[in-house]
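Worksheet: the structure to be examined is printed underneath.
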Amino acid sequence: MANTKKTTLDITGMTCAACSNRIEKKLNKLDDVNAQVNLTTEKATVEYNPDRHDVQEFINTIQHLGYGVAVETVELDITGMTCAACSSRIEKVLNKMDGVQNATVNLTTEQAKVDYYPEETDADKLVTRIQKLGYDASIKDNNRDQTSRKAEALQHKLIKLIISAVLSLPLLMLMFVHLFNMHIPALFTNPWFQFILATPVQFIIGWQFYVGAYKNLRNGGANMDVLVAVGTSAAYFYSIYEMVRWLNGSTTQPHLYFETSAVLITLILFGKYLEARAKSQTTNALGELLSLQAKEARILKDGNEVMIPLNEVHVGDTLIVKPGEKIPVDGKIIKGMTAIDESMLTGESIPVEKNVDDTVIGSTMNKNGTITMTATKVGGDTALANIIKVVEEAQSSKAPIQRLADIISGYFVPIVVGIALLTFIVWITLVTPGTFEPALVASISVLVIACPCALGLATPTSIMVGTGRAAENGILFKGGEFVERTHQIDTIVLDKTGTITNGCPVVTDYHGDDQTLQLLATAEKDSEHPLAEAIVNYAKEKQLTLTETTTFKAVPGHGIEATIDHHHILVGNRKLMADNDISLPKHISDDLTHYERDGKTAMLIAVNYSLTGIIAVADTVKDHAKDAIKQLHDMGIEVAMLTGDNKNTAQAIAKQVGIDTVIADILPEEKAAQITKLQQQGKKVAMVGDGVNDAPALVKADIGIAIGTGTEVAIEAADITILGGDLMLIPKAIYASKATIRNIRQNLFWAFGYNIAGIPIAALGLLAPWVAGAAMALSSVSVVTNALRLKKMRLEPRRKDA
């Protein structure tokens, strides 16, 4: 091969020589490819013709065979981006680099997330490439206080704005002369006075625009800095030209536009300051999550209690937590009992009772007892750290709805410069032939009114605020893509056990005396069956003392038989009683039928061959399940239940909560196929489950929603995780998605509408440059401000007919 490139890929999933041979054979079947796969190093070295192939093709081939290619992810902090054209250009350049699988750049967070192949490139190369484009970049430091960094940057912007405003304010007086025919001191109209004030604004305060424009143009791009630099420079240097004419006596009334250039820069800085201030508020939800973390822990060392920083706690350390203190890390209680406020995770305000061997979650509040615990998860592995990670990823991700804005942003500035040039030509040749000033003013107005910033901020700011607000309510979206897809859902499939129900059987009905219950619980206490556990717990709640069984025998399909303290015990169904010649009174038979119809497991109890009781056990429906399903129906969403239980039990549960569609007798591996059937009917389906035995169905659904327990926030199969198991959060998640997408559409409508309307108005000469500059400055502020309205949204779904 004359023109060749070589790449090395890390391969995962190979177990033997057959694997490596299979991959090598498949790659070598491609034209102009020479591949060698080493099982020991788990690497594939591929020589290829870059005109015919790219690395992604080899990766797809390997993945199609069922193997993986190792990918690393790095997050980068980027400074110097001023508008969507900047972020769009950086993203485009990164995605063209060898070894980069995918790169996204977020203008709002000023961060990039890059997935890359470590054998092809590394984080330092990514940083260097961004720096060559004229921006500052560094690998994100998770230990660095991002809030204080942004506060410092905001303070710097404010200082520049104040200096610029002080210098521009006297020049602003000249505009009032033109507008209102006011009388002002002669000093204000003196060209030297205007020059002295405008020059530092143009070349010191406004130098950032020249630097940004130069860096972008040098790299073949154009951004907002180009528009500002060209527009203000045109006004400034035309004023210099007029001033020179005044100095050499060619004119006594120079037409100066120093106030235009200086006031434009001040207004744009004002807009950027307001924008940065508003953007800083979009990350409040993340800041609040970070503030929940404990700062230190009380560790037990050599019998002494010592306070240490949280980052020095290791797995296995013994910690002591006193009343009123936060649980420092995730762990297990080894001594003591208490009640813990877990509302930061579950939203449930009632403290949860905790005893020895119970799990405790870091950053929750210990209310009333001193406990000793063992650390099981620390640092980035804790539940709160996982929540923060999910929220960060969601806030830095892109929604598909942003693509159009990204495409337009890439061409926006060159098009605007072209329109400004055309405006100048039309004015100087057709509108006011031979008159320079009106043509200049109109073209400057076109340059400064155009705003690519609003386009770039329209989607990410809404995603940031929307996902942050959802996280505050225990709803974790894994990314912007899932926020967008969720609003399209028209069908929700709920797994029964652990989703609609509590997943823990309890005694719902009992008819009999305490002695019968005591004997029943004693007979069941050694069984590991969940129903037996429910009966034993019920007896303990009644404070009954359990003894020991003398004999025990399971009767397959019918029940159990036992001897306790010389009493013969039978527990089971009708058949067991009939086989032992025990007759059922009509009211007992009716109760049995009633319980079975309600989906409960009913058992008859006979002591010494005489019927003495009946007990019913069922997995109870969660609080608010019925209300949640009613809300989904009110939103026009179809709700179905999927379960492996028999149809009678399933129908009984469905009836309790108001579900019409029941899919019963389904094996776990068949759940995904049921989702596919619904999708084939043209439905957009969300699957709700616990992420364990229904993971394939969660993946298959358009949106997978996992019910987390607080410690399981990163369930891989899920697109959304609901903390705490409250089903009311499902309609809230859908409403949050709808509200966020509605907000994005409002922002995009404003951003597009503003430019579509504003540029022609400016080109017609109907706007003074300073008015156009003010409009441009406020346009991006209005987009961010509109997104911030989501911070106050009440997650209460609307009826479809409302």
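Including glycine, each Cβ sits where the backbone N, Cα and C put it.
Lifted from Swiss-Prot, the feature list:
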type	residues	note
DOMAIN	5-70	domain 'HMA 1'
BINDING	Cys16, Cys19	Cu(+) 1 binding site
DOMAIN	72-138	domain 'HMA 2'
BINDING	Cys83, Cys86	Cu(+) 2 binding site
TRANSMEM	161-181	transmembrane segment
TRANSMEM	192-212	transmembrane segment
TRANSMEM	224-244	transmembrane segment
TRANSMEM	256-276	transmembrane segment
TRANSMEM	411-431	transmembrane segment
TRANSMEM	438-458	transmembrane segment
ACT_SITE	Asp495	active site, 4-aspartylphosphate intermediate
BINDING	Asp690, Asp694	Mg(2+) binding site
TRANSMEM	748-767	transmembrane segment
TRANSMEM	771-790	transmembrane segment
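The structure, with features from Swiss-Prot marked on it.
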| residue | record | Cβ within 10 Å |
| --- | --- | --- |
| Cys16 | Cu(+) 1 binding site | 9 |
| Cys19 | Cu(+) 1 binding site | 18 |
| Cys83 | Cu(+) 2 binding site | 27 |
| Cys86 | Cu(+) 2 binding site | 29 |
| Asp495 | active site, 4-aspartylphosphate intermediate | 27 |
| Asp690 | Mg(2+) binding site | 21 |
| Asp694 | Mg(2+) binding site | 27 |
Six or more residues out from either end of the transmembrane segment (224-244), which same-chain residues have a Cβ under 8 Å from its Cβ atoms? 82-83, 85-86, 191, 194-195, 198, 202, 206, 208-213, 216-217, 251, 254-258, 260-261, 264-265, 268, 413, 416-417, 420, 437, 440, 443-444, 447-448, 450-453, 769
Within the domain 'HMA 2' (72-138), residues counted as helix, strand or coil by DSSP: 23 helix, 24 strand, 20 coil
From binding-site residues Cys86, Asp690, Asp694, the one whose Cα lies nearest Cys16 (Cu(+) 1 binding site): Asp694
Alpha-carbon distance [Cys83 (Cu(+) 2 binding site); Asp694 (Mg(2+) binding site)] in Å: 43
Could you pull the average pLDDT for the domain 'HMA 1' (5-70)? 85
Counting Cβ pairs under 8 Å to the transmembrane segment (438-458), which of 192-212, 256-276, 411-431, 748-767, 771-790 comes out on top? 748-767
Considering only the recorded positions Cys19, Cys86, Asp495, which residue has the minimal Cα-Cα separation from Asp690 (Mg(2+) binding site)? Asp495
Length of the line joining the Cα atoms of Cys83 (Cu(+) 2 binding site) and the residue listed as 'active site, 4-aspartylphosphate intermediate', in Å: 45
Tell me the coarse DSSP state (helix, strand, coil) of Asp495 (active site, 4-aspartylphosphate intermediate). strand
About how far apart, in whole Å, are the alpha carbons (Cα) of Cys86 (Cu(+) 2 binding site) and Cys19 (Cu(+) 1 binding site)? 44
What's the CA to CA span in angstrom from the residue listed as 'active site, 4-aspartylphosphate intermediate' over to Cys19 (Cu(+) 1 binding site)? 37
Helix, strand, coil residue numbers for the domain 'HMA 1' (5-70) per DSSP? 22 helix, 22 strand, 22 coil
